[in-house]
Amino acid sequence: MDEARDGVNEMAYQMQKFSWVDYVVFVFMLAISAVVGVYWGFMKKQTTQNDYLLGGRNMKVIPVSMSLVASFVSGITLLGSPTEVYMHGTQYAFIIGGIFLMTIVMTQIYLPVFHDLKITSNYEYLSLRFDNRVRLFGSILFAFTLVGWLPIVIYVPALAFNQVTGVDVHVITPIVCLVCIFYTSAGGLQAVVWTDVIQITAMFGAMALVAIKGTLDVGGIGVVFQRNLDSERIEYPNWDPNPTARHTIWSLVVGGLVYWLQANAVNQTMVQRYLALPTLRSAKWSVFLFCFGISVLYCFCLYCGLLIYARFFDCDPLQTKLAKAKDQLLPLLVMDVLGDIPGLPGVFVAGIFSAALSSLSTSLNSMSAVVLEDFYKPFFKKQLSEKQTNWLLKGVVILLGIICLGLVFIVEKMGTILQLTMTLEAMTMGPQLGVFTMGILMPWIDATGALVGGMCGLITMAWWCLSAQLAIASGQIVHPHKHLTVDGCKYNFTVTEATTPNPVTVEVSPVLHVSYMWYTLAGSVIAVCVGLIVSQINRMRGKVHVLPAPKLLAPQLRRLYKEPPNPGDDSYISAYGDKKEQCNKRSTSISMKPINKIEEIG
């Protein structure tokens, strides 16, 4: 047994070929990011809040689009998507259909509302449409999810770095985080966007290198597809309407559409970049370019999954423990195909860390906007000077970055937190989308209905997601993977018997078997349904219904709500007064004529 264990360890040690050239490439990537921060922070001074958070609302389409792709794709995506194909096949690729549908819905319904209002935080919309209670609810959901997600974004690429170099996670994580905190706090959104441009180039370069060199080593693209066809990993669309099927065309396209709407149409980290563009037309172009870029990158990732199987088709590295975790499969492939060429492993690691840096920097910048616009301004009357505002924004970036760095060490000690934090994201995404959808598409829903609906959606999804994850962890729910074998291994190893959970005697609720791809849709529908019921009850109790200003609704609805239902009703006008005043403030730079009546807003 000792001899067998030595065989695996020796093989793993031989694959750690990270040379000084690779370290130079990796450090060069960090240095470029720091230089960009110095340039925008000290040489091109960010003098106002608008400059720091929105780049003066004068950014260019191409850099913003590249930044959106870079920040959305974290190391979790780059490492997790190939693993998905290796373990379960290519069915997941059909989520690209959901991405294209999201582009249409977002550009026609959600984006015009946010862009026309000229807001900084999209949660500011919730106070204009509803009230500060709903705004605070949305902001807290965003902050809670972000603080839970960011440590994983940092930790996953650190694991990849450990796989290819042997360098401890505790060494590399603080260095990378501190560089990111520096350039984000110093340079604001301009630094974030331009470092993202550099980092997305590194990402595409890294994945292209792996795909091309790996395909040549295996014997060509025909061999890659043939081996995956033989193992049934290349799949046709699964048209099964059963919601408990893990991946079907329905869950990936319909469920994927709703998931991507939340992630791109109402998420502050994404919307903030769209608002930095000068016109709605340029913002829409940016959405289309984002859709194209993210689809191409997904195709690279999914192809790398096929490549991993084509390379290890007869010797599964998970069973032999050559890869200690599923997320280390791609780094293992990289060291296998690129390890002999100095500098190329460094390009790959730089690409993986670029994904983490772009996600981290964008999130830190967005969180500073949320703290200022949603936590400070609505509840504190004191006006901050530009200098005080600048210090507050930079302080939030530094503080949150340090907190996330500290949480990385907790993540390492608590292995199950990876799964639990992804569940946390699923819990909050659906209800948040539901609240925004109620505001933009359902003018008859009031603030209390939106708040109660959002909270009910959150509570329901918390029970649902946590119960499902506990059932998976205890073995009550098992998702079978594709066939894997170790028959062709040419090195010694010890096969560890799979720890199969004891047969479960407790019947699991069918609800817990529902695919995770439906979670966001379910959370949204629950929030909307409860919001409708509560709003109807309020009207039956005689509460005055406040009709939102047309500018707060989707363009398709605005022409239907030009006039109040009873223009001469003083009680209606009185109830509407506060909202009118807030929207007037936001509309002065947009409207072509003075706003004297409600119907002239927008």
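Each Cβ is built from the backbone N, Cα and C atoms, and glycine gets one as well.
A TrEMBL annotation is a machine prediction, not a hand-curated record.
Here is what TrEMBL says about this protein:
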- 20-40: transmembrane segment (TRANSMEM)
- 61-80: transmembrane segment (TRANSMEM)
- 92-113: transmembrane segment (TRANSMEM)
- 134-159: transmembrane segment (TRANSMEM)
- 171-193: transmembrane segment (TRANSMEM)
- 200-225: transmembrane segment (TRANSMEM)
- 287-312: transmembrane segment (TRANSMEM)
- 332-357: transmembrane segment (TRANSMEM)
- 391-411: transmembrane segment (TRANSMEM)
- 417-442: transmembrane segment (TRANSMEM)
- 449-472: transmembrane segment (TRANSMEM)
- 516-534: transmembrane segment (TRANSMEM)
(Q) Between the transmembrane segment (332-357) and the transmembrane segment (20-40), are there three or more CB pairs that fall under 8 A, provided the residues in each pair are separated by 6 or more in sequence? (A) yes
Q.
With Cβ-Cβ distances below 8 Å as the criterion, list the same-chain residues six or more beyond the ends of the transmembrane segment (171-193) that contact it, or say none.
A. 30, 33-34, 36-42, 44, 46, 51-55, 59, 63-64, 67, 71, 154-155, 158, 161-162, 272-273, 276, 353, 356-358, 360-362, 364-365, 393-394, 397-398, 401-402, 404-405, 408
Q.
Do any residues, 6 or more residues outside the transmembrane segment (134-159), come within under 8 Å Cβ-to-Cβ of it, and if so which ones?
A. 74-76, 79, 121, 123-124, 126-127, 169, 172-173, 176-177, 267-269, 325, 327-328, 349, 352-353, 355-356, 359-360, 363, 366-367, 370, 374-375, 378, 400, 403-405, 407-408, 410-412, 418, 421-422, 424-425, 428-429, 431-432, 435-436, 447, 450-451, 454-455, 458
**Q.** Recorded stretches the transmembrane segment (332-357) and the transmembrane segment (200-225) touching, at least 3 CB pairs under 8 Å
**A.** yes
Q) So are the transmembrane segment (200-225) and the transmembrane segment (449-472) touching or not, going by 3+ C-beta pairs under 8 A with a sequence gap of 6 or more? A) no
Q: Take a look at 61-80, 92-113, 391-411 and tell me which one has the most Cβ pairs under 8 Å to the transmembrane segment (287-312).
A: 92-113
(Q) At a C-beta cut-off of under 8 Å, are there same-chain residues at least 6 beyond the transmembrane segment (391-411) that contact it? List them, or none. (A) 49, 52-53, 147, 150-152, 154-155, 158, 169-170, 173-174, 177-178, 180-181, 184-186, 188, 360, 364-365, 367-369, 371-372, 376, 384, 417-418, 421
